[in-house]
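> Dropping the structure in here first, questions after.
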Amino acid sequence: MGLRDSLKEREDRRSSEEEGDARQSWMTRESTTGWRKESTAALGTPVADWQCVLLLQFGALQQKLLKAFPRAGPRPTTTLVPARPERARKKPHSQPPPSTHMALQAQATASPSPSPSPTRGRTGSGEWPDDAEKLPIAATASPARSSDAVELVVVASTRHAAAAKYVPRRSTSHTADPNPGRGGGGGSAGWYSWNGGRTRTAAPPRHARADPPPAPPRRQQPVEAPPPPPPPPPPPAPAPALPPPVPPSPPAPAQAPVPPSATAPAPAPVPAPRASSPHVQFRSADQVVPNILSRKRRAAAMQRTALLARGAAAGLCLAALAVLAADTRKGWARDSYSNYTQFRYSEAVNVIGFIYSVFQFVALVELMRRNKHLIPHPKRDLFDFTMDQVLTYLLISSSSSATARVSDLIDNWGSDPFPSMANGSIAISFLAFAVFAICSLISAYNLFRRDV
């Protein structure tokens, strides 16, 4: 029986605790909702739930402190008052946000015995217990306070911090404005700030002054160039080298003192370098036109030299191939140049050299007459230089091989008209090689010159 009674008692206690927690949650929610509605109606702007909860919890904390540390005399009751609703309705632009002007004001009233303050449940939650009373909202009028009444204004802060400050009693009003009737329109002492003080009333707007006319721009004075630095002083003359020490000698007879005029003269100072005169620059500018004219004359001379070289190369190649082509059925053996590879090679190179020289001769004549070349300028110099180098190598190669073959024929069969005519053609090919070498130098100059 004892165990059953204890279990039943525990279940009843648990059910009562759950019922108390539910009632406490409902009362907290109802208190928060009522506070938000009344504060919104008073201030004209919505109030957040956390502000109401903060004020309610602060009142509970105050009740706990008063219960833990009782004071002699009447116990103050807590009244939650929104700070200056009349001012907020009249001048909404001059008030701070409503979250920073919710005030908690405690006034002392006579009470015979301290009433039990609301405490938190044993569950450790932040809600109000079952017997917590809903805090009333202050009306426009309130009962008179006793002579020893004090005023405690607690200002709710933002969600980061809160501050409380004791403010002495100033009037019998329970509103946040200690001077409600002065200045018209709900008092002129200002709002209670976060630290318990009052902010000053905003000054009347001043009439905007007309902007002064812009100052005229200042004239910029020309900057004077600093004078040129003085020339550096001449370097000091080197000290004369001391003569080598002379070994002591027997004393000589005393000589007359040397007059001061006979001493060595001091070295003359080195003259400072003279600044270049401005006419030197004009002299270099005057040399531009003669340089251009001399460049043109040099280019014309090079063209005439190249024209003569091309004509000579064409004539020599034509003579060499004609002599070698006529060397057929000559000598005692009735031999011909076409029977030998070296002679055919020399004949082909002379034909190519003749055709190329004629083409270059015609192109130079057109350039000198009409100032227009058959090949564009960027490619012309490279083409001339390459062809001159190749034909020069081919001429010296073919002439050398033909010379070796003629020497072999003379050594084996003796001298007759056939090798003699071949020797004549080879000699003319060597002369054509020399002319092509000169043409190669001219084309290299035209390719790599910088005055183009």
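Every residue gets a Cβ built from N, Cα and C, even glycine.
The shown structure was predicted, so the numbers you read here are calculated from the model rather than taken from an experiment.
OK, Swiss-Prot features for this one:
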COMPBIAS  1-17  compositional bias 'Basic and acidic residues'
COMPBIAS  25-34  compositional bias 'Polar residues'
COMPBIAS  105-126  compositional bias 'Low complexity'
COMPBIAS  190-205  compositional bias 'Low complexity'
COMPBIAS  211-272  compositional bias 'Pro residues'
CARBOHYD  N339  N-linked glycosylation site
CARBOHYD  N423  N-linked glycosylation site
TOPO_DOM  1-305  topological domain 'Cytoplasmic'
TOPO_DOM  327-347  topological domain 'Extracellular'
TOPO_DOM  369-389  topological domain 'Cytoplasmic'
TOPO_DOM  407-423  topological domain 'Extracellular'
TOPO_DOM  445-452  topological domain 'Cytoplasmic'
> Quick check for the class: what is the C-alpha distance, in angstrom and rounded, between N339 (N-linked glycosylation site) and N423 (N-linked glycosylation site)?
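With the alpha carbons as reference points, the distance is 16 Å.
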> Using a 10 Å radius around each Cβ and all protein chains in view, which of these glycosylation sites has the most neighbours: N339, N423?
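Counting every other Cβ within 10 Å of each candidate, the maximum falls on N423.
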> Report, as numbers and ranges, which residues of the same chain sit near the topological domain 'Cytoplasmic' (369-389): CB under 8 Å and 6 or more residues beyond its ends.
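Residues 356, 360, 362-363, 436, 439-440, 443-444, 446-447.
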> At a C-beta cut-off of under 8 Å, are there same-chain residues at least 6 beyond the topological domain 'Extracellular' (327-347) that contact it? List them, or none.
320-321, 398-399, 401-402, 404-405, 413, 416-419, 421-422, 425-426, 429
> Taking DSSP as the reference, which of helix, strand or coil describes N423 (N-linked glycosylation site)?
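Assignment for N423 (N-linked glycosylation site) reads helix.
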> What residues in the same chain, six or more past the boundaries of the topological domain 'Extracellular' (407-423), come closer than 8 Å to it by Cβ-Cβ distance?
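Those are 323-324, 326-327, 330-333, 335, 337, 343, in sequence order.
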